[in-house]
């Protein structure tokens, strides 16, 4: 039995979330009656309302009076008044991943998983399949700049989705093709141990049907080890590793973009193809690797090399992934979602490779538990920044943990040899600090998953208002 064509109103609790909003938009485009609520009137809520969906700001039992079905994410607490009202009425309550899985049954699906790089890789796969006239449906964990949204309804056979591993629900997704970019210790609050995370990724690959395949980055030692434990499924490896089936070669990161070539060597004897003069208008070797994963999938699905080359060169990027927010006095300000030490290190390395001048990092640590569990890594991931400005921790609903806060991180950076780590008392002071520090040609990179994105977009105007 498939998802019925006709359902009563489908109510999304937390419809403004990046994952929920994408599913809601696709279901609306399929002709379902979609409504939803969110705690705040954010950009996603406004976008969905403009598309004709009924939205509520705030959670209230009255919001589900007309609903026939309720969709929730794991972020919604059991005492949410709308969830309680739905259960009192015995309405079906569906988890976000379960609803995404239902949508995926309509199509052949590419699912992108990994601790880092999922959103950019999902966007790149969608872009390359689009260039090959495959017209994919897309549900992403970030706003794709070319679409102006994180979701797109296509008429083709394929669907491209970001597979969120944070709560383990990615194991519900019926993927035909899977990408694994990397596997690092993250979301330990859910999994309990790194071994449990690695086991979840193994099961994710094992779930692929016999006619599908997995694309896996063997530059990452944990992923390479996982490849050795996968049996009876087709694996295509990628990376700079000389043993990769799809090998990234001659990466040049100068000028704020990535130039490279890729060699494809199938396990079939004698098959070899090279794609040269590839340009991605994003800096960073991590982004060149993401592009290589997308290229591997596109090539396997029949997209021509010239179409791949043109699509990569025209890639418009993803919101909050090394996004330029403006300039001041010759210095460029960027906004980036990076909030894990591996992500921060990769972004700052990309910044360092893209400018011959200084790099100033502004970081808002996200969650006390993450800072605690990865503290040593946080203290050593800022080496490519000349100056690190540390804001107070964005709690995301958590209680403070003694010894793991802004001042602890500043002290940890200094004790491990960083020459210029300093604390930010209040966001209002940031413009003054940057005005004193930044010189023409410098990059100012704002990092974090909290409210720092608002600071990054406000900073150019605030600096201009101060004069030069």
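Here the Cβ of each residue, glycine as well, is placed from N, Cα and C on the backbone.
Annotated in Swiss-Prot:
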BINDING   114, 115, 116, 117, 118, 119, 120  ATP binding site
Close in space but at least six residues away in sequence, with Cβ under 8 Å from that of residue 114 (ATP binding site), the same-chain residues are 121, 165, 179, 180, 181, 182, 183, 217
Within a 10 Å radius of its Cβ, which of these binding-site residues (116, 118) has the fewest neighbouring Cβ atoms? 116
Quick check on the binding-site residues: of 119, 120, whose CB has the lowest count of neighbouring CB atoms inside 10 Å? 119
Within 10 angstroms of the C-beta of residue 115 (ATP binding site), the count of other C-beta atoms across all shown chains comes to 22
Residue 117 (ATP binding site), Cβ-centred 10 Å count of other Cβ atoms over all protein chains shown, is 24
